[in-house]
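**Q** Sharing a structure, written as structure tokens. Questions coming.
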Amino acid sequence: MAPEASPERSCSLHSCPLEDPSGSSGPAQTSTLQALDPSGPLGPGHFAYPRAPQEYQEGSSLLGTGDQAALCSHGSNRSPSPASSQRDGVWKPPSVQRHVVSVRQERAFRMPKSYSQLIAEWPGAVLLVCLAVILLCTLAGLLGSQLPDFSNPLLGFEPRDTDIGRKLEVWKALQALTGPKKLLSLSPDLEPNSSNSYGTLSPAAWGRAQESLVRARRMVEPMEDKGQDSFFCGAPEKNYAKLVFVSTSGGSLWNLHAIHSMCRMEQEQIRSHPRFGALCQRTATNECCPSWSLGNYLAVLSNRSSCLDTTPGDAARVLALLRSCAPYYHRGVLEPSCLGPGQDKPPHCAQVPTKCSRSSAVYQLLHFMLDRDFLSPQTADYQVPSLKFSLLFLPTLKGASMMDIYLDGLAEPRLVSDNYTSISGMDLGIKQELLKHYLALDTMYPLLALAAIFFSITLYLRSLFITVMVLVGVLGSLLVAFFLYHVAFRVAYFPFVNLAAVVLLSSVCVNHTLIFFDLWRLSKSQVPSGGLAQRVARTMHHFGYLVLVSGLTTGAAFYGSYLSRLPTVRCFALFMGTAVLVHMAITLAWLPASAVLQERYLARGCVPRAQGPRGGSDPWRLLLAVHRRLRGFRRAAAILSRLLFQRLLPCGVIKFRYIWICWFAALAAGGAYIGGVSPRLQLPILLPAGGQVFRPSHPFERFDAEYRQQFLFEQLPADEGGHLPVVLVWGVLPVDTSDPLDPRSNSSLVSDPDFMPSSPEAQQWLLSLCHGARNQSFFGSQPHGWPTLCFVEALQQWMERPACADLCCGQSDFPWAPELFLHCLKMMALEQGPDSSRDLGLRFNAHGNLAALVLQFQTNFPYSPDYGQVHHFYTEVSRWLAAELGRAPPGLRRGWFTSRLELYSLQHSLSTEPAVVLGLALALAFATLLLGTWNVPLSLFSVAAVAGTVLLTVGLLVLLEWQLNTAEALFLSASVGLSVDFTVNYCISYHLCPHPDRLSRVAFSLRQTSRATAMGTAALFASGVLMLPATVLLYRKLGIILMMVKFVSCGFASFFFQSLCCFFGPEKNCGQILWPCAHLPWDAGTEDPDEEKARSGPVAPGTCSEHYELQPLARHRSPSFDTSTATSKLSHRPSVLSEDLQLHDGNCCARPPIAPASPRDLLLDHQAVFSQCPALQTSSPYKQACPSPKTWVSQNSQGQDAKPLQALPEVPAHSPKPKAEELPDGLSSSASTLEGLSVSDDTCLSTSEPSARVPDSMGASPDLEDIGKPAPELGQLNGKRDTLWLALKETVYDPTLPNSHQSTSSWKGRGGPDGSPVVLPNSQPDLPDVWLRRPSTHTSGYSS
């Protein structure tokens, strides 16, 4: 019998450190106190010590590998000869005591035998290596490349490396390289030549240039009448800053209170600013010019000195004047040429009354100040017309100089609003500068989102150390990814949107962290007396596999976005995918090493009792009361968590699986219809440079989206450059030589070596091309001075001049000789000179040779932001040019065309690429899942859940009125990677479940990962909400997409994916791609017992041929066990979750214990790690009365020797009954059934019976092998059979042996949650229960 320990030195689960009263014997030597390998001969499972009943403290941790010293074994072994594990050792007082200890002599170095042993024994070294790698990569990345430049955050949102994009880039390069002293020129000589402005304008600037020229002429038209017009400094111009006023009450602005309010607001918020005087336009008297506002025009027309002096009568008289003049303005008769008292006016000006044309005030009011609906033909008959919007022009130019005035006086909404009016729209020309300002100012919102994410981790784990380590791991992953992005991939451009990877990677990290520590706690509850190496092995078996599959799938999904042609999206896909893979690699080492350090050094030990004066003080009592209240809340939350995630959720998913499948399939179909059919995602109508960058309610965005079209001067007439041009280019190939991943790089020109326009066939074809283009339906009228298409006709007219002294004169024979043709072209270009107003389309190189032809003409297609109209134009012109080039001579067959297609190129890319990118990402996710699980149905179901998440997200974004702009395309491409995590959690847990039937596996996966999944969803949803107040639209949309994708993904993963598995989930080997010699956890016991017996041959007497009566029930259980209640169906009394029972089919000779899985096993052969299938809930099979058994029958690993054990001693009646050990935070320690948490105390081994333990070991002790083997005794159990063979692979502790024999090995007790045996209760109250033990040598899986 083991000696009893004194109460002072008894080792409870969480007792305070005790001092060794006996000291150490022998010379002092340095020793390391470690838990031995459980598979070794000195494993700690050989001893069982009595311990005082101690209440379990929630949240306590296991001892670390280096801290599990001999806490109480010195009190349990007092033989004169020291034990082999204790000789020459110095006892080290530990911080936390356990009841199983061992001492190992220190060695100089011991090579770790497995990855888990490396993590458990050298966590600090692992962390230091990871930190060294991170620091080296960071230094190399920062020193080997330039720092990111975010001065232009909207750069890179135009398509590159497309057919249209390449032509636009080459055309921009051709324009930039054409001009005096440049690569190409309009004349062949080497003297400086000035080129026509039309030849160097970009296609995007054609309309804007002509519009500004014509509008400027109209705006600054000099007025001859110096009476009323002398009040203003000319006419308002579009390059002046503009403000839009609206009524606060929603009424009309044409009332005196609103007019005076606009005047006061301008004076107080703008003109009173210190910098306004330096920016405003000055009059001849050096005073600031008055603003062009409704109040000032009312004062001018009423002969008042100030707008504040106007009266209601003035407003009524001016309204009557405008009502009488408005019809002439809307008919187009009242125009700038009819204004003033001059005599040289067009004839139609005679129709305009003199009172309307006497001054420009009436025209400018209707054209600039008042909205288009005020006094329009539709509202002219209204008795009281409503003025909804009024514009104010400031006498300051738009630009960055207005930044201070805006930030000081116009940024706050309360400063630009009163009881009558408010400024709701602005055009100050500082949109890009303000974007950079708000990008820096609104960084607080992503930081708040990150704080919410990591605070959730702290709240869930109750460990600040782990949270800090996780944050360091995320930042280290981003820094290593930055190094690979710049140095390994050699990508020079780092867009601003890459910073979103900090938030997105944190969303991936929170899922991995919560899952890891759930499994870490679960391994502690299942093997409470195991060492850290065993806990790391058990945890990493599941977690390593999950992280590999999840990381590879998420990274592949992000890499799929590289297919996009937007440089920013491609750079983001490359950086984000790399960051995910780097984080996956770092997590496999960083997270378990951090957990080991937390467990070893920072785990909560003893809580001292409040004693002395401090304990009696009021603050200390209050603090303790608050602490107790918080503990009560935490216990209540744990109970609710267990109820929700361990019972309600599995039962709800399984019982209502029909409803979930139909409901989520309908949601996915609805999202697909809304996003792809009607109303679908709308394409953008503005380029990114002029697109929306702030929230929709921002004054800058409201001006561009709502108010710009409300004033007639902003509309571009069709005859003022509003038609699409066609630019035909020969001699330069449409090859973009710039870096497709760097929008800052410019393309160079690649000459066409076959370009030959001088041959007679080429001359005839160019002339026929001119005639053919004129006959096309899309050919429009050509404005005066426009570049010509028919330069051959111009050359003919020039050569047919009657008088000249040049060789080119009088040459009427067409086609001409090639030399003559080129010579005359050069002479005609030289004669045109630098002051020519016509671009002939000739481009000469530095040697004076004709290098390219650029022919242009106008079409009758009006420019429109509508994708369909421009697509029709592009298709028709492309078809015509392809037909013409097919008939061209060889020297002109490589021609191409372009136009004002910047917006069309973006729309075309956005209309085709997102579907292709999402499809590729889903395909890569499926391929990665298939490679990870080798199971086709699981991979298909996972991809179906991810696809449903994406479709429903797109539908919701359409309902939120999102446009398919560049930012939306970027986030949609990332939606697949964001929605993979939760589905992979359930997929891997389902795949690793040891149960062969689908319902048990669904319940297993839900119990194991649903709690962490729900917590991660809540954290990410909260972080997304925190980013909604941001002004910058990029931050707001990042928050919306984050909370929407994660919330929808959680629903599809938890309900849709699991419901699919309930119906069609793989059972046993169904859908599994098997490898040779692969062993699955459910392979055992699936064959017919008769066939097995026939194959195994006759059974010799005395061998393991008999089976326990519960074996058929355990192996061939009914699915009803998965949804049964806690009361057994066989005996109406609470049953025990007897997953510690191990039974064998056929030959019960035990297999050698499976070693902890190595990383290679996790990668290549994860199917072969399960060796046993946990038994099920059951009850005792014995029904009849019988004598109580007095003998235990055991069997060694060969199933040959049995050793009689003495009867278990009785427990004193006064011994208090401790609480059953419970997994912290509501995690259940069993997943055999859905009701595994209901285990009554009378069916479990009481922790107050220390001597009743029958611990098993990992192998026979060498000392016990020398003892004679006693003959096995027959058990008399209920008279059912002579012998009850229990498959106990290990030799149990024999209390009859001497202490000297017992101390030669370390013993380790395993059994129930606290290391005790498992009791099979008898259904008859007067019959004995059966106590069983299971050797925990395998690390097959979890019973979560």
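Backbone N, Cα and C atoms are what each Cβ position is placed from, and that goes for glycine too.
Unlike curated entries, TrEMBL annotations are predicted automatically.
Here's the feature list from TrEMBL:
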type     : residues  : note
REGION   : 1-92      : region 'Disordered'
COMPBIAS : 22-34     : compositional bias 'Polar residues'
COMPBIAS : 74-87     : compositional bias 'Polar residues'
TRANSMEM : 122-143   : transmembrane segment
TRANSMEM : 438-457   : transmembrane segment
DOMAIN   : 448-597   : domain 'SSD'
TRANSMEM : 463-484   : transmembrane segment
TRANSMEM : 496-520   : transmembrane segment
TRANSMEM : 540-559   : transmembrane segment
TRANSMEM : 571-591   : transmembrane segment
TRANSMEM : 658-677   : transmembrane segment
TRANSMEM : 915-934   : transmembrane segment
TRANSMEM : 940-962   : transmembrane segment
TRANSMEM : 969-992   : transmembrane segment
TRANSMEM : 1012-1035 : transmembrane segment
REGION   : 1115-1134 : region 'Disordered'
COMPBIAS : 1120-1129 : compositional bias 'Polar residues'
REGION   : 1209-1278 : region 'Disordered'
COMPBIAS : 1227-1250 : compositional bias 'Polar residues'
REGION   : 1292-1344 : region 'Disordered'
COMPBIAS : 1297-1307 : compositional bias 'Polar residues'
**Q** Taking helix as H, G and I and strand as E and B in DSSP, count the residues of the domain 'SSD' (448-597) in helix, strand and coil.
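**A** With helix first, then strand, then coil, the domain 'SSD' (448-597) has 133 helix, 0 strand, 17 coil.
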**Q** Near the transmembrane segment (540-559), which same-chain residues lie under 8 Å Cβ to Cβ, leaving out any that are not at least 6 residues past its ends?
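**A** Sequence-remote neighbours of the transmembrane segment (540-559) are 115-116, 119, 508, 511-512, 515-516, 519, 573-574, 576-578, 580-581, 583-585, 587-588, 592, 921-922, 924-925, 927-929, 931-933, 974, 976-977, 980-981, 984-985, 987-989, 992, 1156-1157, 1159, 1162-1163, 1166, 1169, 1339, 1341-1342.
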**Q** For the transmembrane segment (969-992), I need the partner stretch with the highest count of C-beta pairs below 8 angstroms, choosing only from 438-457, 463-484, 496-520, 658-677.
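**A** Of the candidates 438-457, 463-484, 496-520, 658-677, 496-520 scores highest.
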**Q** For the domain 'SSD' (448-597), report the average pLDDT of the model, please.
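**A** Taking every residue in the domain 'SSD' (448-597) and averaging pLDDT yields 93.
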**Q** To the transmembrane segment (438-457), which of 496-520, 571-591, 658-677, 915-934, 1012-1035 is linked by the most Cβ pairs under 8 Å?
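**A** Comparing 496-520, 571-591, 658-677, 915-934, 1012-1035: 1012-1035 has the most Cβ pairs near the transmembrane segment (438-457).
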**Q** Are the transmembrane segment (463-484) and the transmembrane segment (571-591) close enough that 3 or more Cβ pairs fall under 8 Å, when only pairs 6 or more apart in sequence count?
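**A** With 3 or more qualifying Cβ pairs, these stretches touch.
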**Q** Let me spell it out: take the transmembrane segment (1012-1035), skip the flanking residues so only those 6+ beyond its ends count, and list any with a Cβ under 8 Å from a Cβ in it.
**A** 435, 438-439, 441-442, 445-446, 448-450, 452-453, 456-457, 460, 497, 500, 503, 507, 510-511, 514-515, 518, 645, 692-695, 698, 967, 981-982, 985-986, 1041-1044, 1046-1047, 1049-1050, 1053-1054
